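Peer 1: Let me begin by handing over the structure; questions about it come next.
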Amino acid sequence: MINLRRALWMTLKYKWSLIGSFVCCLLVAILWGANLGAVYPFVEIVMQKKTLVEWVDERSRESDTRIAEKQQQIADLESQIAAEKAAAAPDSVASLKTKITLANAELDGEVTRKWWTETLAPWIRSYAPKSAFATLGWLMGFMFLGTVMRGLFLMGNMVLVARVGQRTVLDMQNDVFRNVLDMEVSELGVRGTGDLVSRIRGETGAIGQAISILFGKTIREPMKMAVCLGGAAWFNWRLLLFSMLICPLAGYLMMRLARMTKRANKKAVEESANLLNRLYQALTYLRVVKAFTNEPNERTRFKTVARDVYKKGMRIAFYNSLSRINSELLGVGMITLSVLAGGYLVINETCFLGPIRLSSTVMDYGTLLTFFGFLIGVADPLRKMADVYNTIQGGVVAADRVFPLIDQTPAVASPASPTAVPTGELDIEIRDVRFSYDESNEVLKGVNVSIPAGTSLAIIGPNGCGKSTMINLIPRFFDVGGGKIEIGGHDIRDFDVRSLRQKIGYVTQMTMLFNDTIAENIAYGNESATIEQVRDAAIQAHADGFIEALDNGYDSQIGEHGGKLSGGQRQRLSLARAILKDPEILILDEATSQIDPESEQLIHETLAEFIKGRTTVMITHRLSTLDLVDRILLMDGGEVVDCGTHNELLARCPVYQRMQNFGLDEVA
């Protein structure tokens, strides 16, 4: 509940919408009670073929008669008390005093009623209709106008509450997405894309629903109930309290159901995230699924997870139905008690139910029916409140999954007072660097490498030797576990992360393209680039030819993950993106692995020109690519085996000699 309260605090920035929604709630409740209160004049006046003026005069005379009767009754009781005192009968005196107290209470009630009648009489005589039918028309018009106004205020309340809820959801989604982008890349793999999508979209939506319920129904319906309870109390507060004897039991059951619903919602949210993960993986790797004819197994796994989601959903639906039944029984129970007790009072023309006083004056049929109307008015909001608790519990569970992401401190963060990244050619010093993804397996074991400014280095070695890990440490996708990496003589942890990465161009073996146009993909991260600059980068990457052959050229949509292009075309776009960025440091991770032989020589010529005077680090499994670099670093088991030029390694390193004989792919 703490995290949901934090979400509610976030809504305060939209305070004017909240104030407007509250005012609308209040007016809806007042008009709801006013329409129900119209039952009394309908029964007492219209059904008796009277006008309001006749009714006021009649009520005034009745009050005068009852006041006189009560005054006479009190006088008689006082005379009896005097006689009993003379006869020394203390028990009789006490009984008579009790009767006088009750009679005085009834007298006060009649005096109050008389005062209200006399107060309203001048207005009624001046403005009320003069015939019974006109009174009926006036009453129906009042009810119709009240209903229209209530509908307008209800619409205003719902729109304002929706605005607050949706804007708060938008704020949370932005906060969560910002922190997700600041995550370590490895953490994304641990959490799962489906789980994160569920939290950003699904769970924030559940919080939005809870906010809408809390500022909508949770305020509006209790206000309507309060107005109706106030109206019922105005007519007979004692009978109202008697009718509410069933409330403690219903409240206890409601609390039990709320706890069970919270547990069910938590499990349902977790299962929904699992379903999204399973769906995302199957669709992302659909080609692999088909290649291994694993569709039956994927269907079975999906059905299993979907079945679990179904079961959790049915459990929540069951608890929702119990909540609705509980609310219905509460409303019906209150009405049943009031009908039995009120009917007894009216039929027997008494104020007592046994020894219990339930009315200050004898109730008439109009008063009783209006009292019932107000209780029915209480039952309707109770019914509408049945799903409130379940929705709020869903919001509580969702908030407990969303706010940990909002509160998460990035593992890789900029210092409070960052050092400016030097400009121009930059050298890289890797000093005794150690790194592990978990405590049990050290990937890099005291690596030392020096890359002078403007030179290029190729990293080769077997799979799993730490090549990719090392180059991922340079742009701080992760932070070193020991040692340090320096650029331009400064520890990279002293730089602002964004400023550091703006100096680095990065091209990976797994090309990462967005479902957008070719021009937008090449200019990604450099939105100010002109189309001429984009085209020039594409020409250097030898991508302009196939781009211009497309129907829409640079405005062609490439599909999700660049699915409309071949592997080589995707890789050339990725290379063009790095060329357009024109970075001081270039990192290439198998950047030419998917380029066809026809274009490979052209790409090599482009790279040879592009990396000239630019600090470059590349991973490659192609011998031909080694011609591009100044030095070669050979790694194995997270350690440096040797480092030098091609000729130096060929002369002194047996492992490198074997690579030359059998090829990098054979050894790696």
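Placement of Cβ uses the backbone N, Cα and C atoms for every residue, glycine included.
For 16-43, 132-153, 239-258, 329-347, 362-379, the entry in TrEMBL reads transmembrane segment. For 60-87, the entry in TrEMBL reads coiled coil. According to TrEMBL, the feature domain 'ABC transmembrane type-1' maps to 120-394. According to TrEMBL, the feature domain 'ABC transporter' maps to 428-662.
What's the neighbourhood like for these features in this structure?
Peer 2: Same-chain residues lying 6 or more positions outside the transmembrane segment (16-43) and placing a CB less than 8 Å from one of its CB atoms are 52, 55, 135, 139, 142-143, 146-147, 149-150, 153-154, 156-157, 160-161, 163-164, 215-216, 219-220, 223-224, 226-228, 230-231, 365-367, 369-370, 373-374, 376-377.
Using a Cβ-Cβ cut-off under 8 Å and counting only residues 6 or more beyond its ends in the same chain, the coiled coil (60-87) has close neighbours at 93, 96-97, 99-100, 103-104, 106-107, 110-111, 113-114, 117-118, 121, 361.
Counting residues 6+ beyond its ends, the transmembrane segment (239-258) has Cβ neighbours under 8 Å at 229, 232-233, 319, 322-323, 326-327, 329-330, 333-335, 337-338, 341-342, 345, 353, 356, 358-359, 371, 375, 389-390, 393 in the same chain.
Within its own chain, the transmembrane segment (329-347) has Cβ neighbours under 8 Å at 236, 239-240, 242-247, 250, 353, 358-359, 362-365, 368, 371-372, 375-376, 378-380, 382-383, counting only residues six or more beyond its boundaries.
Confidence annotation: the domain 'ABC transporter' (428-662) carries a mean pLDDT of 87 in the model.
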